[in-house]
Amino acid sequence: MAPLNGSRLTMIGLVLFVLVIGSANANLSTNFYSSSCPQLFSTVKSTMQSAISKEARIGASILRLFFHDCFVNGCDGSILLDDTATFTGEQHALQNNNSARGFEVIDTIKSAVESVCPGVVSCADILAIAAADSVAILGGPTWNVKLGRRDATTANQSAATTSIPRSDSDLKVLTEMFSNNGLSIKDLVALSGGHTIGQARCITFRTRIYTETNIDNSFASTRQSNCPNVTGTGDNNLAPLDLQTPISFDNDYFKNLVQKKGLLHSDQQLFNGGSADSIVSGYSTNPKSFSSDFAAAMIKMGDIKPLTGSNGEIRKNCGKIN
C-alpha cells in the first residue's frame with residue numbers, strides 16, 4: 001500500500017470530522033420515545049394548554065427559554081439548572097436575570113411525564129416539545145420535534161452573557177451570533193418572528209423609544225406612556241412585542257417592522273436598510289412563508305450541539321443535577 005500523503009490525511013481527517021459531527025444529530029429522531037414513553041406528547045401538550053389558558057404570555061416565555069437554552073452550549077437543558085451555594089447556573093446571566101421565566105411550568109410538565117414514564121425523558125427534550133406546543137397552541141405552525149437529547153450536568157453563566165443576543169444588538173452582531181450556531185440570516189429573521197408573541201420590559205426598550213429616529217412617532221408616544229424616561233422608574237413595566245396581536249402567533253410582527261414599530265432595537269435592526277430587509281418584507285406579506293421558515297429554523301436550532309448517547313444525564317428534577 002502506498003503511504004498516505006498530506007492531502008489524503010487531510011481528506012480522511014475531514015471525513016472523520018463530518019462523521020463525528022453528523023453522528024451527534026443522527027441520534028435525534030422524531031420517534032425517539034415512541035416505545036419508551038408513548039404518552040409523552042399528549043402529556044406535555046395537555047399541561048402546556050393548561051398553563052397557557054391561565055396565562056397566554058407563558059407560551060412566549062417557554063419559547064424564549066428554549067432559544068436561550070440552545071444558544072449556550074447547545075440544547076441541553078442547562079438554562080433550567082437553579083443556582084445553589086456551590087453551583088452557578090445561567091438563570092442570572094444578564095439576558096436571563098429577572099427576565100427568563102416559565103421554569104415552574106417545565107417542572108410541572110416534568111412531574112407529569114415522570115408519572116407516566118419515570119427516568120426516561122430529558123428536561124432538554126421536554127423544553128423542546130413545550131416550545132413547539134406553545135407556538136401551535138397560540139396559532140402558529142407545527143413541526144415534528146426531533147428528540148433524544150440528554151441533560152447537561154454543567155452550566156455556563158459567562159457563555160450565556162456573551163452568546164445570547166441582547167435587545168440592543170445591531171444586525172451585524174445578531175448575524176454573527178446566529179452564524180456561530182450554524183444559523184443563516186433567514187433563520188435569524190424567521191426565529192425573531194417569535195416576537196409576534198410575548199412582552200418586554202421597559203428597561204429593554206427605553207432607549208429606543210426616547211432616542212432612536214427609525215421609529216413611528218405615534219408608536220413611540222404610546223410606549224412612552226408606560227415607560228418613563230428615568231432609569232430605575234418603571235423598569236419592569238411590560239409592553240407587547242407585537243402591537244397588534246400579542247397572544248396570536250402570526251406575521252404581524254413583520255408588518256410592524258415595515259411600519260417602524262419594532263419595540264426593541266434588535267427588532268427594528270431587521271428592517272433598517274440592511275441585508276435582512278427583503279426577508280422581512282417577504283414575511284410581512286406572506287404568512288405561509290414565515291410559518292414554514294420558522295418551523296424549519298426551529299428544527300435547525302434544536303439540532304445545536306445536543307448531548308446524546310451516554311453523554312449528560314436524564315435529570316429527575318429539571319432544576320438540579322442528579
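Note: Cβ is positioned from N, Cα and C throughout, glycine not excepted.
Just so you know, TrEMBL annotations are computer predictions that nobody has curated.
According to TrEMBL, the features are:
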{"type": "ACT_SITE", "residues": "HIS68", "note": "active site, proton acceptor"}
{"type": "BINDING", "residues": "ASP69, VAL72, GLY74, ASP76, SER78, GLU90", "note": "Ca(2+) 1 binding site"}
{"type": "BINDING", "residues": "PRO165", "note": "substrate binding site"}
{"type": "BINDING", "residues": "HIS195", "note": "heme b binding site"}
{"type": "BINDING", "residues": "THR196, ASP242, THR245, ASP250", "note": "Ca(2+) 2 binding site"}
{"type": "DISULFID", "residues": "CYS37-CYS117", "note": "disulfide bond"}
{"type": "DISULFID", "residues": "CYS70-CYS75", "note": "disulfide bond"}
{"type": "DISULFID", "residues": "CYS123-CYS318", "note": "disulfide bond"}
{"type": "DISULFID", "residues": "CYS202-CYS227", "note": "disulfide bond"}
{"type": "DOMAIN", "residues": "44-285", "note": "domain 'Plant heme peroxidase family profile'"}
{"type": "SIGNAL", "residues": "1-26", "note": "signal peptide"}
{"type": "SITE", "residues": "ARG64", "note": "site 'Transition state stabilizer'"}
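In sequence order, SER78, ILE79, GLU90, ALA155, ASN156, ALA159, ALA160, SER163, ILE164 are the residues near VAL72 (Ca(2+) 1 binding site), counting only same-chain partners six or more apart with C-beta under 8 A.
Neighbour counts of Cβ atoms within 10 Å were compared across the binding-site residues ASP69, ASP76, GLU90, ASP250; the minimum falls on ASP250. The residues near the Ca(2+) 2 site, meaning same-chain residues not in THR196, ASP242, THR245, ASP250 whose C-beta sits within 8 angstroms of the mean position of the site's C-beta atoms, are ILE197, GLN244, PRO246, SER248, PHE249, ASN251, ASP252, TYR253, in sequence order. Note on the domain 'Plant heme peroxidase family profile' (44-285): its mean pLDDT in the predicted model is 96.
Taking the Cβ of CYS227 (disulfide bond) as centre and 10 Å as the limit, one finds 25 other Cβ atoms among all the protein chains shown. With respect to their backbone Cα atoms, CYS117 (disulfide bond) and CYS123 (disulfide bond) stand 13 Å from each other. Other Cβ atoms within 10 Å of the Cβ of CYS202 (disulfide bond) number 20 in total over all chains. Annotation: CYS75 are the recorded positions among CYS75, THR196, ASP242 whose CA atoms are within 10 angstroms of the CA of ASP69 (Ca(2+) 1 binding site).
Using the Cβ center of ASP69, VAL72, GLY74, ASP76, SER78, GLU90 for Ca(2+) 1, the list of other same-chain residues with Cβ within 8 Å runs, in sequence order, HIS68, CYS70, PHE71, ASN73, CYS75, GLY77, ILE79, ALA152, ALA155, ASN156, ALA160. Annotated pair ARG64 (site 'Transition state stabilizer') and THR196 (Ca(2+) 2 binding site), C-alpha to C-alpha distance, rounded: 12 Å.
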